[in-house]
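Features reported for this protein in TrEMBL:
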TRANSMEM  7-27  transmembrane segment
TRANSMEM  47-65  transmembrane segment
TRANSMEM  77-96  transmembrane segment
TRANSMEM  108-129  transmembrane segment
TRANSMEM  141-164  transmembrane segment
TRANSMEM  179-200  transmembrane segment
Amino acid sequence: MNTRQAVRRVSAIVGWSALALQLYLMIVSNIEAGKPGMIGLMKFFDYFTLLSNILVATVFTTVGLRRYADGFFAHPNVKTGVGVYIFMTGTVYFLILRQTWNPTGLWWLADVTLHYVMPALYLIEWLFFTPKGQLRWKDTVRWLTFPLAFVVWALFWGAIFGFYPYPFIDVAKLGYPQVLINSVFMAIGFLVLGLLLVAVDRWLGKNAQPNVLDSTSARSTR
């Protein structure tokens, strides 16, 4: 096992461990509050942070195991889409959400790992271990599908149970018109970030030396 595969496997372990810790904390906190632990499990899948980290951990797991190295999650297009999601997760948290709470102990550990460590590890994976020069500008529109689906799900869930995972989509406080405006701005943010990654991909692809394993993976998934 080479250094690259070792880094990928360690990253996968870190990612899944942080997700498991976050799930545990959410279940326990609900039980301690006198609520069913199942509520914590249900809310776990309401956060874009956790969903994007699940995708990241899945990518690391897939590319870290040679028998799956040519699978769906190893394709540069898919890996870059996941990159858009996790980089936006870290950016929005740093600029907006970190001021909304002050985690300590295990909450702090999970928070830092999911919002900072995993995006940083994935940036390394994307920059150095992902074939370049294969992305198209129109891919950025397709990458919007996941975050838009998340917003629809979050609003549907919130309308039923009254829980909104993020303040900028809290219909109870902001109303649907403002939430719609916020969602449009978020979509623009995802689009701009996607365009930036495609631009970097094309620039790096001009002088990139193709890696045999990754190039084979990309061709086999086209």
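Glycine is no exception: its Cβ is also placed from the backbone N, Cα and C atoms.
Here the transmembrane segment (179-200) has long-range neighbours at 80-81, 83-84, 87-88, 91-92, 126, 135-137, 139-141, 143-144, 147-148, 151, 155, 168-171, meaning same-chain residues at least 6 beyond its ends whose C-beta is under 8 angstroms from one of its own. Here the transmembrane segment (77-96) has Cβ contacts under 8 Å with residues 48-49, 51-53, 55-56, 59, 63, 114-116, 118-119, 122-123, 125-126, 130, 134-135, 139-140, 142-143, 146-147, 168, 189-190, 193-194, 197-198, 201, 221 of the same chain, all six or more residues outside its ends.
The stretch from 47-65, 108-129, 141-164 with the most CB pairs below 8 A to the transmembrane segment (7-27) is 108-129.
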